[in-house]
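Encoded as structure tokens, the structure appears first; notes follow it.
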Amino acid sequence: MKVIVNHCQYNIIAIKSRTIGAYSPLIIHIQQQKMNEERLKVSSLRSICEVSLMRNHLAITNVANVPYRLIRNVLMKLKVDHLCKLEETNVLLIFEDEEIWRNLLAMDFPLHVGEAFQRKRDEIMAFYVSFVELHDPGILRDADLMRGFLRFAIKKDPESQKYRVPSRMLYFQYQEEMLRKQELSTQRLRMRMQELHDEKQKNQIVALEDPVFCEKRVNSTSKISERSSPFVKSFKEHQKRQQHFKSGGFDITKRPVKRVAFGGQVGSLGVHNCSKNEAKVVPAASGTAMTQTSTAVRKPTYVRPKQPDTPPRAKRQSNEPNPFLKRRKPPSRPKPLNASTQPVHLPQEKKPGRVKLKSTKIKRSTKSSIFTTPSPQDQIFDKGKDRPNAYIFDSPQR
């Protein structure tokens, strides 16, 4: 079987050598040695253990007394929580796993990838010492060991003359800051939700078994100053109108009637009631009061109060005729002209106190036929002109 494999490999090498150039037995010999070394090569125990650990890295719980160089590739696959637990079992790992924490910092906080420096070395030293003292205080007794690890971990930058802050320390600082911001945002959100809930409860409609009706306030105490100027102006005008019209407006039915004639007694309720009582008392006295004069008690009769003496009003004497009693006569119309008779011109009476105004109408030279012939009323008036006046208001001299 091995002979067949070697023969096949020899044929492959021969074909390759032909493509390169002429047949060379030296090249064939070198290639055969390399294949023999690879076939005889055996994996080391370290590589076999590392492969096994990387396949089962989630099951690792303790790495005490294991140097960092042996488990470096395994720790590169772990997450933060798992790495912290393994560091607690072997506290010396925190002095050498800087590159692992730098990768975690770049993955979880990409905005804070840059290196940080500070002047004080004591803070960085306190960070390492506190972790060792908390999880494995026995190592602190070996001062030389601690001094060597601290000198290896804490390094000073020659350009800025400052100490570089470890990536593990920066990672936990950024994590605390992020948690603090999340807590503040959660608190603000909680307060906002509580405000919305209170407002919803305040505006919620509640059914009442017996609704309570409050009386309307007459004088409102609302702050007018908070209103706009047009509202304040209209409100003041409304108050003025209410003061002027106390009853809310004019009502003719509620207006008191003031009597002037006969001292204000005409049309009053007292006079009508008294007249009715007198009418009832008089027939009763004529029928039965004559027989029982000694025993019956007379009913009180209403005595009409005396009216105050008012001086008689003097009549207005005027020589001039009353213009309302003066009857206006229609103007006389001329009689129709006949062929045998000549026109007779009657004297016209002057109308007192009448001023003619110039008319703005267009004057016409000709008149209509309506003005030429007298109307039937004018003819009747002309016939009864010589008769005596039946009414005193018809006399023109009054």
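Every residue number used here counts from 1 along the chain in the order it is shown.
Every residue gets a Cβ built from N, Cα and C, even glycine.
Straight from TrEMBL, the features:
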type	residues	note
DOMAIN	60-104	domain 'F-box'
REGION	284-398	region 'Disordered'
COMPBIAS	353-366	compositional bias 'Basic residues'
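Restricting the average to the domain 'F-box' (60-104) gives a pLDDT of 92. In terms of DSSP secondary structure, the domain 'F-box' (60-104) contains 26 helix, 0 strand, 19 coil.
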